[in-house]
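**Q** According to Swiss-Prot, the protein carries these features:
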type     : residues : note
TRANSMEM : 56-76    : transmembrane segment
TRANSMEM : 109-129  : transmembrane segment
TRANSMEM : 141-161  : transmembrane segment
TRANSMEM : 174-194  : transmembrane segment
TRANSMEM : 209-229  : transmembrane segment
TRANSMEM : 253-273  : transmembrane segment
TRANSMEM : 295-315  : transmembrane segment
TRANSMEM : 343-363  : transmembrane segment
TRANSMEM : 372-392  : transmembrane segment
TRANSMEM : 400-420  : transmembrane segment
TRANSMEM : 425-445  : transmembrane segment
Amino acid sequence: MHSRSSDPPTGSKLAALTLGAVGVVYGDIGTSPLYALKEVFAHGRIDITPDNIYGILSLVVWTLTVIVSLKYVLLILRADNNGEGGLIAMLALASTAVKERPVLRRRLLILGVFGTAIFFGDGVITPAISVLSAVEGLEVAAPGLHRYVVPVTLVVLTLLFAAQRFGTGGIGKFFGPVTAVWFIVLALLGVVHIVENPAVLAALSPHYALAFMWQHPGTAFVSLGAVVLCVTGAEALYADMGHFGKRPIRLAWFSLVMPALMINYFGQGAMLLQRPETVKNPFYEMAPEWALYPLIVLATLATVIASQALITAAFSVTKQAIQLGYFPRLRVTHTSVKETGQIYVPFVNWGLYACIVLAVVTFGSSSKLASAYGIAVTTDMLITTTMTFFVIRYSWKYPWALCVAATGFFFLVDAMFFAANAIKILDGGWFPLAIGAAMFTLMMTWKQGRRLMSERLREEAIDLKSFLESVFISPPTRVQGTAVFLAAEQGSTPNALLHNLKHNKVLHEQNLFVTVRHHEVPWIPFSKRCEIESLGHCCWQVTLNFGFKNEPDVPEALALLRGRGVQLDDMETSYFLSRDIVIPTIGKGMAIWREKLFCSMHRNAAAAADFLNLPTNRVVELGSKVEI
C-alpha cells in the first residue's frame, strides 16, 4: 500500500528527495542545451546577428519562465489528484469533476486519452534526439567520426533497453548525483563565456524578445518551433509529483536547474556573439579541446538517465491505462522487492525500442529529429492547459473569469508554440503524430470493445441472488475448500460458476463472488479495499476497490476478510475465471476492422490470473463466447 506523510519533507529527507528529483524529473529538460539553441539557427533560417541572438536568448529565458516557472511549478503542481500528478491523474480529476455533464466528460476523456497517446510519440523522440545529440559531440572532436554517430547511438540505446528487465534499483541512486554534476558543468561552461562577454546578460530583459517578434514577425514565428525545445520535459515536473512531492521539485528547479540552464544558454549566446562560426554545435564548441571527450561521456550519461526516466514513465503510464480500462492487460514484471513502482513491461519496452531505432535510422541526426519533437511536446502542453481549466472550474469551483485568467494566457502561449510546430508536420512532425494516432486508436478501440462486451454479458446475465436461491432448493454436493469466482459485473452470476455446476455438479463449502473495480483515484487504502455482503449458505458477494496506482493483488485483498466472518486458507482456495472468446459480428457495435482489432488485442492480452496476482497452481479457467 502506498503511504504518504502529510508533513512536508525537511532536512536530510528534503535534500535526498530534491537530489532524486534532479535525476528523474529534470533529466529531459536538462539535456535540451545540447540541441535547442543550435536548432534555432540551423538551416540558415535566422541570420546570426547580435539583435537576433539577443532576441532569441530573451525568448528562451521567458519561455522557461512562463511555461516552467509560472505554468508548471506555480499553477499545475497545485492540481494534484490525492498527491499524484501526470496527465492520467489530471484526466481522472477533471472527468470526475464534470461527471454530471456526460457530453463534456466524454470529450474530456477523448482529449485526455489522445494526450496520453501522444506521450508515447514523445517517448520515442526523446531518447532518440537526446542520445544522438550527445554522441554528435564526436563530430566536433574529430569530423571524421561523423559516420560513427548513428551506430554508437544505436549501441547505447540497445544496451539501455536490454538492461530494463534488471530494473534500476541498483544504479538509480546515482541518477541524481550524475545529473547534478551535469547541471554544474552546464553552469561552468556558460560562466566562462559570459565573463568574456557580460553584455549578453542584457537579454534577460523581455523587451529584446518583444522587439525581435515585432521587427521580424515571420522569423520570430518560425523560431518558436525551435525555441520550445528548451522546455521539452517540462511535463515531467507534474508527472513525477507523486514520487517526490511539490516542495523538492520546486526547490530543485529554482535552486539548481533553472539557473544552470539559463547560464548555459547565455554562455552559448555570448560565444555566438564573438564566434558566429560555432553555430554548427554551440554546446560542444563552448568546451575547451581537452574537455571534449569527458564532456561527451558525461552528456551521454545524462541523456541515458533522461531516457531512463521516460522509459520508466512509459511503463507507469501503461499500467495506469490498463487499470483504467484503456489498454489490454500486459505482462508486468516487478524489478524490486522493496519498491512496487519499479516495474518492467516487456511489450512496451521492445515496442518503444523498435520505434526509437526506426527514428534514429530514418532521421539520422538530432537536427532532423528536432522537427518531429516540437509537435508532440506542444500538443501535450495544450491538452494539459485545457484540462487544468476544467479542474480549476469544476473541481476547485473557481469563478469563470478567474479560470480564464489563470489558464487563458498559458493557452495562448501554448497555442502559439503549437502553431509554429504545426508548419513542420511534413518535415518530421508526422512521426510522433502517427505513433500517437496509432496508440489513440488502440486505446479507444479497447475501451469501446470492453464496453460492448459488458453490455452483451449484462444482456445475458442471470441475477446471482435469484440463481443461488434456485440452486439451494435442491442443493448440490458441497466439497471442502473455498471457491473464488471472478465476475466482471457485481450481482451477476459468473459463467465459471454455471460451467462448474453443469460439468462438475458440486459447490465448495465457501464461495466468494468477487468483482474487481478500478477507480479514478490514484490510491485506495486497505480500510476501503473490501466491501462484503452475505448471500447465505456460506456465499458472499465481495467488491475489491483499487486506485489506478494500487497493485491489484486479489489474494492480498481477500486476506483482509479473515476478520469478517470468512475463513480463508490459501492452500484450500481455488480461483475460477471465465476466459471469454470474442466473436466480431457485422452490424453491431464498432466498424468490423475495429472489432477484429479488439478481438486480436483481447486474444493476446495477458491472463487475468497474472495481472491479479493469483497463484497459478490454484486457478481454473473456463471459456465462453461473446459476440460484439
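Even glycines carry a Cβ here, placed using N, Cα and C.
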**Q** Give me the stretch from 56-76, 174-194, 295-315, 372-392 with the greatest number of Cβ pairs under 8 Å to the transmembrane segment (141-161).
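**A** Out of the listed stretches, 295-315 contacts the transmembrane segment (141-161) most.
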**Q** Quick check for me: are there 3+ Cβ pairs below 8 Å between the transmembrane segment (109-129) and the transmembrane segment (400-420), leaving out pairs under 6 residues apart?
**A** no
**Q** Tally Cβ pairs under 8 Å between the transmembrane segment (56-76) and each listed stretch (253-273, 295-315, 372-392, 400-420, 425-445), then give the stretch with the top tally.
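**A** Between the candidates 253-273, 295-315, 372-392, 400-420, 425-445, the best contact partner of the transmembrane segment (56-76) is 253-273.
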**Q** Go through the chain and flag residues at least 6 beyond the ends of the transmembrane segment (209-229) whose CB is under 8 A from any CB in it; none is fine as an answer.
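**A** Residues packing against the transmembrane segment (209-229) from afar: 32, 35-36, 39-40, 42, 45-46, 51-52, 54-56, 58-63, 370-371, 373-374, 377-378, 416-417, 419-421, 423-424.
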**Q** Could you tell me whether the transmembrane segment (253-273) and the transmembrane segment (372-392) are in contact, taking contact to mean 3+ Cβ pairs under 8 Å with a sequence separation of 6 or more?
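**A** The transmembrane segment (253-273) and the transmembrane segment (372-392): touching, no.
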**Q** Between the transmembrane segment (253-273) and the stretches 174-194, 295-315, 343-363, 400-420, 425-445, work out which stretch tops the count of Cβ pairs under 8 Å.
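**A** Against the transmembrane segment (253-273), the leading stretch is 174-194.
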**Q** Top stretch among 174-194, 295-315, 343-363 for CB pairs under 8 A with the transmembrane segment (425-445)?
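**A** By the under-8 Å Cβ criterion, the transmembrane segment (425-445) pairs most with 343-363.
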**Q** What residues in the same chain, six or more past the boundaries of the transmembrane segment (174-194), come closer than 8 Å to it by Cβ-Cβ distance?
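**A** Answer is 19-24, 26-27, 30, 33, 168, 200-201, 256-257, 259-261, 263-268, 270-271, 274, 283, 286-287, 295, 298-299, 301-302, 305, 308-309.
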